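Peer 1: Below is a structure I'd like to ask you about.
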Amino acid sequence: MAAMMNNERSSSNKLQVDAENPAAVGDELDLAARANWLRAAVLGANDGLVSTASLMLGVGAVKAEARAMVISGFAGLLAGACSMAIGEFVSVCSQRDVELAQLERDGKRGGEEEKALPSPAQAAAASAMAFSVGAVVPLLAAGFIVNYRLRIAVVVAVASVALAAFGCVGAVLGRAAVARSSARVVLGGWAAMGITFGLMRLFKASGI
């Protein structure tokens, strides 16, 4: 009972402090918004890394030339960045329309709430940039290695290190277990790369 009373007193004091210091509340909300943006950027970079590395390994399973792998990776970077940007733009536009309609009903159009709404163009640019940052990692890893086996190994190794780093950052931002989150991201990336490489090897072996 005493613990409950202490908790209630603590909550009451916190509310009183927040009410007396609205700037602190605004700072907390701003930090939370920034953390969400950063976490979305990490996820976008992870998508770019996994999809591009898997695409390059899939092409590498059929063709041993470095040029073919690099060109396929660059094409994947461009296509993925455009797809992410367009998808994010459409998604944020839809969200913005809904929130503007709500502000219209509340009679708050033109106020601070409207100015605080997310920008579709900024969201699209950020999404494309994040994807590109992740996608360029395997491209740089494979672009300067002539030996086929070494190139494949380096792409997998560099992608694994980057995946672990992305998983670590995502865990810190989401306040989750770092080791478990990083392992989950790395294992997921390995699964995507392994399945793509293996299926393309079977495709090559079938002679189709």
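Even glycines carry a Cβ here, placed using N, Cα and C.
Dumping what Swiss-Prot says about this protein:
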| type | residues | note |
| --- | --- | --- |
| TOPO_DOM | 1-41 | topological domain 'Cytoplasmic' |
| TOPO_DOM | 63-69 | topological domain 'Vacuolar' |
| TOPO_DOM | 91-125 | topological domain 'Cytoplasmic' |
| TOPO_DOM | 147-151 | topological domain 'Vacuolar' |
| TOPO_DOM | 173-184 | topological domain 'Cytoplasmic' |
| TRANSMEM | 42-62 | transmembrane segment |
| TRANSMEM | 70-90 | transmembrane segment |
| TRANSMEM | 126-146 | transmembrane segment |
| TRANSMEM | 152-172 | transmembrane segment |
| TRANSMEM | 185-205 | transmembrane segment |
Peer 1: Grab the same-chain neighbours of the transmembrane segment (152-172) for me: Cβ-Cβ under 8 Å, and only residues 6 or more beyond its ends, written as numbers and ranges.
Peer 2: 38-39, 42-43, 45-46, 49-50, 53, 56-57, 60, 69, 134, 137-138, 140-142, 145, 178, 180-186, 188-190, 193
Peer 1: Compute the average pLDDT of the predicted model within the topological domain 'Cytoplasmic' (91-125).
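Peer 2: When the pLDDT values over the topological domain 'Cytoplasmic' (91-125) are averaged, the result is 78.
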Peer 1: Do any residues of this chain, six or more beyond the ends of the topological domain 'Vacuolar' (147-151), have a C-beta under 8 angstroms from a C-beta of it, and if so which?
Peer 2: 60, 64, 66, 69
